[in-house]
Each structure stands twice: as structure tokens, then as C-alpha cells.
């Protein structure tokens, strides 16, 4: 039995969906512990591309229970559309369970998110505009609406009255936006609640029962380490905790329940939205990575910013999350390059530093110090073992393992399930006995 957390080791979009999908084969329960529809993951199964935002990747396995935990925020309209899409693809959704204590994104959250971002002008954060930040803000202010509230009309009326009055006041007086109708919201969200009711459970209790029965539990994070509210490039961050510690809070478990933490990182780096990005590329190289890697957001469709692999933020992710091993994705995107650079340190104020600075003003001044490695200039997409990889591709992976000071357990060389090299079973294999330098 092993309980595993999967996290993003960069700024999100690392390919966690594919890795979680693969690991879900060994999991009895998969738990999404934070975030909302601001995160998306793409899974390719038998030439079908499934784009999910809220539903855990494990839903594709017929014997896996999928939980959406208390640390998430739910947009019921989008969640129901995803469930409908899964049903259309003959996927059983009866195994999906939703925490009664998860908070719900309301119409005013989306309006406020978009209005506040527009008002920031040149200081915008790069929010998806899906209402995630305002939903978490109401949760902290203890005026939020939870899933359990939309299951009962009388309760929803009581819970919604004061918050809607406040939000309409802000929308009208500050942003000149027409107020929202109380009765329309009640009608809409009670309908959502009626449809979601069969899936609503005491999520924490379900997890504890699974743990006592010695089931394999997989905790699935959204976004990435550098987007964490406390440990990321604040204020250019999300409103929740994608780091491994967030799994304990968002799922309601103690840290001793976690056996392993697996970090997912691309073989290069990407970022969506605003904020400093030391290894960011421009021109033809940026275009090449974006085109080859299909670097457009699942949620917003925005083009991702692309850059070389950053070992400094990588080591930071190892430390913050307590990573046991890595999954390196999109190695194949680098196949055609003559040479590949890796950031091993920064230059800040004419001094070399090898650590991530949480001061965003200083971080924005950091200049990458690179080491250059030879490219392999041959296809890796058909490789199914380390021995089949080009020698220079192996050199690159070993360099990353040494730089990050953790072993590599999985290498992904394409979007399909079978385009994966399992170096060692990251769940049941020997700890820290995988691909290292």
C-alpha cells in the first residue's frame, strides 16, 4: 500500500494529467485536493482527447473512486458539462464523489474576477477570469457558499442573501456592472445542486475509511509549485496551495499518511500569464517549443510562454514539496534542437546565486546562468525504454537528475499513454533507487 501526492514542479501545465492517469492504474482512490476550473489537464486515450478541469484523471479507470476534496472550489455548471462529456464517451461517472464542504463559485465571483483584473491595467496578474480568487476570498471571509448549501433551497436563501447584497453593491458602485438577480441565482444553483446531489459525500471520512482499509490513495494537485499562494512568485500566483502540503489540508489527512511525493516537470519550462520568468525565450526558439509542444492553455487557450529548463526553481520545488522522484515530460519536444540550455544558477546584482528568491522584485532581475548540452537531433517518440533513447538524450536526463538531486522515475515522450518510459515503479519501487547521475 502506498499513498502518493503528484505535484507540478514548475508553473503548472507540466503534464500532471498524463502522469496521474498512468499512476491511477495502481490507485484505488484518486483525490483532487485544491484549485478549480482555472486548471486543466488533457488526457489522450485511443485517439480521443479528453480535456478536464475539475474531474480527477482517475475517472477513466472503472474501479477507481475519484474524490473532489474540500480544498477545491467548484463551478457546478462546468463540472456538470464535464460529467455530460464523460457520459457521452461511455465513461462511468458513478464513482465520482464531491466533498460537501467544497466551496462553490457563484456568478458574482466571475464578474468580480474579470472586473478586478481589467482594473489592474499594466499590473494585471494574468488570472483566468473564472472566479477562483474571489471564491477563495469569500471562503477566507467565511461568507462563501459550499456544496452542501446548494442542496437545500431554504439554506441557500439564508446563506446567499447578505453576500449577494454586498457583491451587488460592489459591482454597481465600483465597476458599474448591473446587479445580479437573487431569484435567478437561487433557481440556477438549486438545479445544479439537484444534479450533483448523488455525488456529494463527506470526503474526509471516505479517505480515512480507504486509508484504514489500506487502499492506495493518489492525491492529485493542480497548477504548480511556483504558483502556490505562499511559496510561489507572489502576487503572480493562484489562490490555493498546489504544493504537497496542500494535499493534507485540502483532503483532510495528516502528513504521516503520505508515503511519497512525485514531482512532474517538463524537459523545458513554460508559464501562462504575467510574472517573472528568468529562462524565457523569444523569437524562433520560443515559437519552436510552443509549436512542437502545443503550448496553449487547456482552460484559456492562451499561448504559453516558453523557456529553457530552470534547475534553480526545480531544486526549490524539490525542497518545498519533499520530492522523492521526478517525472520528466515532453522530452520529445526537444528532439530537433542542435543544442539545449539548462539554467543552473542566477546572476543577481552581479552575484551568482543558486537559490530561488521569494522577493518578486529581485526574482524579476535574476539573469539565468546556463550550461549548454548537445541535442540528440533524432526522434524519441517511439522509444519505450532507456536503452532505446539516444545517448545524448540520456545525458540530458542524467544532467537534470543530478542538478535536481532527485532520481527520475518516469520519462514521457509523447501525449499517448504508451509514449512513456517507466524507469521504476514510482509507487511500489525502491525509494530513491531510480535514474540518477
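Just so you know, glycine gets a Cβ as well, placed from its N, Cα and C.
Per Swiss-Prot, the feature active site, proton acceptor maps to 13; the stated evidence is sequence analysis. Annotation comment: Swiss-Prot describes 41 as active site, proton donor, evidence class sequence analysis. The GTP binding site annotation in Swiss-Prot covers 12, 13, 14, 15, 16, 17, 18, 40, 41, 42, 304, 330, 331, 332. Positions annotated as IMP binding site by Swiss-Prot, on the basis of sequence analysis: 13, 14, 15, 16, 38, 39, 40, 41, 128, 142, 223, 238, 302. Swiss-Prot lists 13, 40 with the feature Mg(2+) binding site, giving sequence analysis as the kind of evidence. What Swiss-Prot lists as substrate binding site is 298, 299, 300, 301, 302, 303, 304.
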Nearest-integer angstrom distance between the alpha carbons (Cα) of residue 223 (IMP binding site) and residue 16 (GTP binding site): 9
In three-state DSSP terms, the structure that residue 12 (GTP binding site) belongs to: coil
Cα-to-Cα gap, residue 38 (IMP binding site) vs residue 12 (GTP binding site), nearest whole Å: 11
Secondary structure at residue 304 (GTP binding site), reduced by DSSP to three states: coil
Spatial neighbours of the residue listed as 'active site, proton donor' among the binding-site residues 18, 303, 304 [C-alpha, 10 Å]: 18
Spatial neighbour of residue 331 (GTP binding site) that is closest, considering only the recorded positions 13, 15, 40, 128, 303 and their CA atoms: 15
Position of peak Cβ density within 10 Å, selected from the binding-site residues 12, 15, 40: 12
Rounded distance in angstrom between the Cα atoms of residue 12 (GTP binding site) and residue 301 (substrate binding site): 14
Top Cα neighbour of residue 304 (GTP binding site) in the set of recorded positions 13, 15, 40, 128: 13
Among 16, 303, 304, which are binding-site residues, the residue with the most C-beta atoms within 10 angstroms of its C-beta: 16
Cα-Cα distance linking the residue listed as 'active site, proton acceptor' and residue 303 (substrate binding site), given in Å to the nearest integer: 12
Residue 331 (GTP binding site) - helix vs strand vs coil (DSSP): helix
